[in-house]
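Heads up: the structure comes next, in structure tokens.
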Amino acid sequence: MISTTNKNKQAEPNNKKLQKPNVFEAKGFNLWYGEDQALKNIDFDIAENNVTAIIGPSGCGKSTFLKSLNRMVELVPTVKMAGEIQYRGKNILSSKFGVEELRTKVGMVFQKPNPFPKSIYENVAYGPRIHGIRDKVTLDQIVETSLKGAAIWDEVKDRLHENAYGLSGGQQQRLCIARCLAIEPDVILMDEPTSALDPISTLKVEELVQQLKQNFSIVIVTHNMQQAARISDKTAFFLSGELVEYNDTDVIFSNPRDNRTEDYITGRFG
Amino acid sequence: MQKDKVSIAKLIEDNKKKNRYKQGLIEKAVPIFLFITALISILTTIGIVFTLLFETVTFFDRVKILDFITSKEWFPFFEQDPKFGIAPLISGTLLIALIAMLVAIPIGLAAAIYLSEYASDNVRRVVKPILEVLAGIPTIVYGFFALTFVTPLLQKIIPGLSFFNALSPGIVIGIMIIPMIASLSEDAMSAVPRAMREGALALGSTKLEVSLKVVLPAALSGIIASFVLGISRAIGETMIVTIAGGSSPNLTFNPTEAVQTMTAYIVQVSLGDASFGSTIYYSIYAVGMTLFVFTLIMNLIAQFISKRFREEY
Ligand SMILES: Nc1ncnc2c1ncn2[C@@H]1O[C@H](COP(=O)(O)OP(=O)(O)O)[C@@H](O)[C@H]1O
Ligand SMILES: [Mg+2]
């Protein structure tokens, strides 16, 4: 009911554990597509080295919020934003903040795997290359480390120079994760990264997310509640453009405060 | 309602029964008809090539093929001792095609990148049809544009430029080809999925990096195809070079001199009074054959390159 005053709710779980610093802090964030408001007054803190899941029914604004964090949402020309999103203490919506710099720090994995139509090697080397790394030995090293980091090295090490589109969907998605790791981002955003994958590939990506949180902060959108429960530390429930409830994942799934959250996770709607 | 449904199902069934014979016949006849139309186009092509070939063979009965290839002079109209060395016509053709491509490729490609990656929908909606209209202007108009506008302009810039030269028609053919290259390359680039651009942008690429390092390579086979079509048009272009290029077969790569292209020579002979059966008459077939071989090689190279660089997605 008091959907936007969840600051108090957050303070509670945070006190139980050692306080991790926040990578993102959204404050009164609003977003419109033309006349339609897609996000309403969002206050949302995302902690370092956590897996933060965003759940909610289709069309509630999960992707929109995620894409606001790296300003990919601005590719839609009608988008207007108000409020503040701070990344490591700096407002990313201010015109001073370089969008390329932000996206170098905040990587993204998309719903449908979207490797470049290049070789596996070139896919991973693309990011380092555009950021000025040209040395062959360094690039080789980055490619290997990134592919290992994305748990796909063993499957592709003998075919690095083959086209990425020869890989299976699950492999392509892990390649996209490797591509993202290659520029050593700080945060990785994932928009339903397993929704186009088969169950086994899904499991692999989920395991990978668990490993990656040692070194990265991860924000993952999912419409699969079991997935959120399995892999995330904190879960946010969005509904109709509002952040209804945000708490430790076990609290959200065992003891939600808001009726709407309860209705959603028990499958009464959505 | 229920009743209706039953009767409709029955109606369809009845119709099917009635039409079964007719439909079967159509299904069999259609592929035969389509095959014949395909055959007609293949047969005409073969027919044209054979005519070319026969007349060319007759020509080589009179002029040694070695002279044709190795001699550096093309003076077919000399009463005594005419010279049939194709080299000057080839150099003229290639020189003009080269100038044309130097104009058309950078401008056409830049226009394509602008239209596909930077222009708003509104701009694209206006500019694309204009490009297509430009591509439809008759070449004779371009020819006079070269002769009466571009050449005098160039003569002001380059003192001593002869009235007929390779530069002016080369530039104008380039201008003529720009819309084609821009339009076809834009099509190829627009066909690259959005998701790929987003993937690159999400890695912190600038718009220019996305255009040049992701979209351009992904569309390369289509872009190369547009270049090759452009080169083929430049090599085959007739009107502009006939009007503004002069008719002096010079073995030169100096763009300020007058030249003659293979096509311009064929026009010259066709308009003149070369009698049927004379060596000059047959020479146009040999030149035509050479032209044909050139465009064939161009297309083979293009296919090879576009296969080699194709980025599958
Ligand atoms: N490009 C767009 N233009 C206009 N409206 C959009 C666009 N993308 C999303 N929306 C609208 O914004 C709302 C939130 O969408 P989205 O963030 O994609 O939801 P989710 O990812 O939770 O399914 C929806 O009502 C959707 O119709
Ligand atoms: Mg979504």
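Glycine too: its Cβ is placed from the backbone N, Cα and C atoms.
Caution: TrEMBL annotation is automatic and unverified by curators.
Beyond its flanks by at least six residues, the transmembrane segment (B:29-54) meets 285, 288-289, 292 of its own chain at Cβ-Cβ distances under 8 Å. As annotated by TrEMBL, transmembrane segment applies to B:29-54 (among others).
According to TrEMBL, the feature transmembrane segment maps to B:86-112 (among others).
According to TrEMBL, the feature domain 'ABC transmembrane type-1' maps to B:90-302.
According to TrEMBL, the transmembrane segment annotation covers B:133-154 (among others).
Look at TrEMBL and you will find B:166-189 (among others) tagged as transmembrane segment.
Beyond its flanks by at least six residues, the transmembrane segment (B:210-231) meets 97, 100-101, 104-105, 108-109, 112-113, 116-117, 177, 180-181, 184-185, 187-189, 191-192, 196-197, 199-201, 298-299, 301-302, 305-307, 309-311, 313 of its own chain at Cβ-Cβ distances under 8 Å. Residues or ranges marked as transmembrane segment in TrEMBL: B:210-231 (among others).
Only residues 6 or more beyond the boundaries of the transmembrane segment (B:280-302), in the same chain, are considered here, and those with a CB under 8 A from a CB of the stretch are 49, 51-53, 55-56, 58-60, 62-63, 68, 76-77, 82, 84, 86, 89-90, 93, 224-225, 227-228, 231-232, 235-236, 262-263, 265-266, 269-270, 274. The transmembrane segment annotation in TrEMBL covers B:280-302 (among others).
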